[in-house]
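Per TrEMBL, the features are as follows:
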type	residues	note
BINDING	GLY11, CYS12, GLY13, LYS14, SER15, THR16, ARG120, ARG158	ATP binding site
BINDING	SER15	Mg(2+) binding site
BINDING	ASP33, ARG57, GLY80, ARG142	substrate binding site
Amino acid sequence: MKKIVLLGYMGCGKSTIAKELSKKLEIPFIDLDEFIEKKVKMTIKTIFADKGEIYFRKLEHECFVELLNFPEAIIIGLGGGTPCYANNHELLKGDNVLSIYLKASIDTLVERLSLNKSNRPLIANKNDDEMKEFIATHLFERSFYYNQAQHSVAVDQRTIEETVEDILKILA
Ligand code: S3P
């Protein structure tokens, strides 16, 4: 069964939009970060702090593959870095996958993330100026991977409902 995979930078709205989409389509939503946390009984923050990022990336890849092999249709919300490691970006193009990049500008991301960064190890210790510089570079590096998605939806100045409608049109 098809997997709808939402991807994009931290703060682009993957989980919020996936939850709404899940209600509309009546298909379960699984957040990859939460799946990982349940599996190893550790928070993402603790995994990064105690085991390091490489350990996290391996685990993230294994868990992504596990979700893609679920027999039923599900909506998967990836972590911001998932498409950029292992061969995850190739998996976005699979026959049983419908992948959608939620594309946000640097300003939108900084605005959203400045309110919600404590559980995100890559930006937790940065002030707004440092974060803007970091995101600008990071987004540039990651765009190649995000652009491997089969579809892309711009989320700037769009409400959650509007973005969900945009996605439903892609699915129609
Ligand atoms: C990460 C994004 C996070 C989480 C981890 C690493 C990244 O997910 O997987 O902190 O590399 O961009 P969200 O995009 O859900 O915040």
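Along the chain as shown, the residues are counted starting at 1.
Placement of Cβ uses the backbone N, Cα and C atoms for every residue, glycine included.
Taking the features listed in TrEMBL, we show where each one sits on the structure.
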| residue | record | CB count, 10 Å |
| --- | --- | --- |
| GLY11 | ATP binding site | 22 |
| CYS12 | ATP binding site | 27 |
| SER15 | ATP binding site | 15 |
| THR16 | ATP binding site | 14 |
| ASP33 | substrate binding site | 22 |
| ARG57 | substrate binding site | 17 |
| GLY80 | substrate binding site | 22 |
| ARG120 | ATP binding site | 18 |
| ARG142 | substrate binding site | 18 |
| ARG158 | ATP binding site | 18 |
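A simple way to gauge crowding: the CB of LYS14 (ATP binding site) has 29 other CB atoms within 10 angstroms, across all the protein chains here.
Proximity to ligand 1 (Cβ under 6 Å from any of its atoms) holds for these binding-site residues out of CYS12, GLY13, ASP33, ARG57, GLY80, ARG120: ASP33, GLY80, ARG120. For the pair SER15 (ATP binding site) and GLY80 (substrate binding site), the C-alpha distance works out to 11 angstrom.
Site extent for ATP: among the recorded binding residues GLY11, CYS12, GLY13, LYS14, SER15, THR16, ARG120, ARG158, the largest C-alpha separation is 24 Å.
Secondary structure from DSSP puts GLY11 (ATP binding site) in coil.
Note on proximity: among ASP33, ARG57, GLY80, ARG142, the binding-site residues of the record, the Cα nearest ARG158 (ATP binding site) is that of GLY80. Each residue contributes its Cα atom, and for ASP33 (substrate binding site) and CYS12 (ATP binding site) these two points are 15 Å apart. Annotated pair THR16 (ATP binding site) and GLY80 (substrate binding site), C-alpha to C-alpha distance, rounded: 14 Å. Taking the Cα of ARG57 (substrate binding site) as the reference point, the closest of the binding-site residues GLY11, CYS12, GLY13, LYS14, ARG120 is ARG120. Counting only the Cα atoms, the space from CYS12 (ATP binding site) to ARG142 (substrate binding site) is about 14 angstrom. On the backbone, the CA of ARG142 (substrate binding site) and the CA of GLY11 (ATP binding site) stand 14 Å apart.
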